[in-house]
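> Encoded as structure tokens, here's the structure I'll be asking about.
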Amino acid sequence: MDPKNVACCEERSKSLRARYIYAIIFFIINLTAWFIRDYGHSVFPPTYYKEACGTTGHDCFHTLGVLRVSLGCFIFFFLMFLTTFIARKLYEACSKWHSGWWKLKFFLLLASMVVPFFIPPGFIHIYGEVARVGAGYSLIFLLLQLISVIEFIRWWNKYWSPDEQSNQRSCSIALFTSTVFYGVSICGIVSMYYFYAPRPACSLNIFFITWTALLLIVMMVISLHSKVNRGLLSSGIMASYVVFLCWSAIRSEPVDEKCNVQKPDNGKFDWTTVLGFLIAIGAIVMATFSTGIDSKSFQFNKNNVKLEDDIRYNYGFFHMIFSLGAMYFAMLFISWNLNDSATEWSIDVGWASAGVKIINEWVAATIYTWKLVSPVVKQYRVVNNEQTMQP
């Protein structure tokens, strides 16, 4: 084998492994931000820098503590962006820096996380305002999540949908899978009515859930229409995704709402609150990770041929997304509010998060419905044009 090809293969493997190491670092930083917000004031001894943290240390915990951790995370990944965005080949120094030198990067990360705790609170508040703007890229996350779901539907439908040459087993699997997805969706609708709309006064939740149920019916009817004829499989997958978005949006409503079952009882938190918190952190990390390695979605020319020694993903874009992700998780941990601290074990709570998810649900259903009817509309236009051109 060519030694150059062997070296390129080794460097490529290192760069691919490096993605997961950075994701683990980001996950640990998320947990650190949560710990400092909820328990930092009671765990850490009063050895903090009083000019930055105040005499009681309040300015280094709770909301400002989250912002300080977020700033440290942003500094680290932004420095990585500045040192890797010009990388194009696997053998370049920037590429080797991205994939190696972990001991040096550990000290760089440690310094980046410590420095913000010596910065005065006024500058941290300024960073918080900037983070609100940077966190707006969450819309990009949700859009790419929708694209991933649609691509998954396309693959699943192609692999499992029965055609004339399919055997009975494939038909049975497709029918069973469709039934499972629709069954889960219906159970989700019923559960949301029971838990989040227990009384007529919960009009907003009733509207969200009812509208979601109507979207399910519309997608199913269009999918079964004779001119579309897509079956129940793809619409069932999209139905479960839409129900999940509705559930996530309602869960993001403020805890003081009378129709929100997340409101803690005497400071106690049940297993659903903890599980929802852990799922939310996992979703942040996965969304950041998947967006960071998907720079092709933001390119106009996607037909570039990759050479053997080309990098397999854009390192600069990867680190920039993680630096913006630092701002995003900060806003979720503090509920987009720079003045009041969020309650313990809470994340992604607030009307801003709930509104974004509801809008994303409606956009997802609209895009999927258009993908169902667009072939019929295009065919109708072609027939009309042919008829118009005929004498």
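Cβ coordinates are placed from backbone N, Cα and C, and glycine is handled just like the others.
Where the annotation comes from TrEMBL, it is an automatic prediction and has not been curated.
Found this in TrEMBL, in case it helps:
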{"type": "TRANSMEM", "residues": "20-36", "note": "transmembrane segment"}
{"type": "TRANSMEM", "residues": "66-86", "note": "transmembrane segment"}
{"type": "TRANSMEM", "residues": "106-128", "note": "transmembrane segment"}
{"type": "TRANSMEM", "residues": "134-153", "note": "transmembrane segment"}
{"type": "TRANSMEM", "residues": "173-197", "note": "transmembrane segment"}
{"type": "TRANSMEM", "residues": "203-224", "note": "transmembrane segment"}
{"type": "TRANSMEM", "residues": "231-250", "note": "transmembrane segment"}
{"type": "TRANSMEM", "residues": "270-293", "note": "transmembrane segment"}
{"type": "TRANSMEM", "residues": "313-336", "note": "transmembrane segment"}
> Per the definition of 3+ C-beta pairs under 8 A with sequence separation of 6 or more, do the transmembrane segment (20-36) and the transmembrane segment (203-224) touch?
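No, since the transmembrane segment (20-36) and the transmembrane segment (203-224) share fewer than 3 Cβ pairs closer than 8 Å, they do not count as touching.
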> Same chain, outside the transmembrane segment (203-224) by at least 6, Cβ under 8 Å from its Cβ: which residues?
182, 185, 189, 192-193, 196-197, 230-232, 234-235, 238-239, 242-243, 246, 249-250, 253, 259, 358, 361-362, 365, 368-369, 372-373
> Between the transmembrane segment (313-336) and the transmembrane segment (231-250), do 3 or more CB pairs sit under 8 angstroms, pairs being 6 or more residues apart?
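Contact between the transmembrane segment (231-250) and the transmembrane segment (313-336): absent.
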> Would you mind listing the long-range same-chain contacts of the transmembrane segment (106-128), meaning Cβ under 8 Å and 6+ residues beyond its ends?
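Counting only partners 6 or more residues beyond its ends, the transmembrane segment (106-128) has Cβ contacts under 8 Å with 25, 29, 32, 48-49, 51-54, 59-60, 64, 67-73, 75-76, 79, 330, 334, 338.
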